[in-house]
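First the structure, in the form of structure tokens, and then the observations on it.
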């Protein structure tokens, strides 16, 4: 089952989510939008197992990373009518 991994611009570039992911789905890429000059990226979402460890590791008040699990994806992203 394919999961959607969404990274928001509230990311502070701390790398906690990257280190928490057991499947190496995430990596950091250059970005000028925060002090750390990097943001999480999810180039390997096909490897995501939906454990949401990345969400748990995120230290921001508004989770900067969200994992939408399979069937939940369209509903959570407001794509159903």
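The backbone N, Cα and C atoms fix where each Cβ goes, glycine too.
Record note: Swiss-Prot gives 48, 51, 54 as [4Fe-4S] cluster 2-binding, and the candidate from 14, 21 in that site is 21. If you measure from the Cα atom of residue 17 ([4Fe-4S] cluster 1 binding site) to that of residue 54 ([4Fe-4S] cluster 2 binding site), you get 4 Å. Close to residue 54 ([4Fe-4S] cluster 2 binding site) in the fold, though at least 6 residues off in sequence, lie 5, 17, 18, 20, 21, 25, 26, 40, 65, 67, each with a CB less than 8 Å from its CB.
Counting every protein chain shown, the number of other Cβ atoms lying within 10 Å of the Cβ of residue 17 ([4Fe-4S] cluster 1 binding site) is 26. Taking all protein chains in view, 22 other C-beta atoms sit within 10 angstroms of the C-beta of residue 11 ([4Fe-4S] cluster 1 binding site).
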